Amino acid sequence: MKTLVLLSALVLLAFQVQADPIQNTDEETKTEEQPGEEDQAVSISFGGQEGSALHEKSLRGLLCYCRKGHCKRGERVRGTCGIRFLYCCPRR
């Protein structure tokens, strides 16, 4: 009888050990932010000579990014990139 109880306990423990990593992984993905959610940057290129000339004149020497949500500290909004992104450039 003792052997049966011990064997059952070991089997239950083995199942619990296998189930815990799956639960932890699910919980981590729910609570953690998606990688770079706030730091998503999108590269933008302007087509044609006129677009690139205007872009170079107004933003010469600046490194600007399309960010989701809000700009980082030290940056300001210079426009939008599509519907959900802000065009953020360093303050001058």
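We number each residue from 1, going along the chain as drawn.
Glycine is no exception: its Cβ is also placed from the backbone N, Cα and C atoms.
Lifted from Swiss-Prot, the feature list:
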{"type": "DISULFID", "residues": "Cys64-Cys89", "note": "disulfide bond"}
{"type": "DISULFID", "residues": "Cys66-Cys81", "note": "disulfide bond"}
{"type": "DISULFID", "residues": "Cys71-Cys88", "note": "disulfide bond"}
{"type": "REGION", "residues": "23-42", "note": "region 'Disordered'"}
{"type": "SIGNAL", "residues": "1-19", "note": "signal peptide"}
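Annotated features taken from Swiss-Prot, shown on the structure.
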residue: Cys64; record: disulfide bond; DSSP class: coil
residue: Cys71; record: disulfide bond; DSSP class: coil
residue: Cys81; record: disulfide bond; DSSP class: strand
residue: Cys88; record: disulfide bond; DSSP class: strand
Shortest C-alpha distance to Cys64 (disulfide bond) - which of the disulfide-bonded residues Cys71, Cys81, Cys88: Cys88
Among Cys64, Cys66, Cys71, Cys88, Cys89, which are disulfide-bonded residues, the residue with the most C-beta atoms within 10 angstroms of its C-beta: Cys88
Spatial separation of Cys89 (disulfide bond) from Cys71 (disulfide bond) - C-alpha basis, Å: 8
All-chain count of other Cβ atoms within 10 Å of Cys81 (disulfide bond): 18
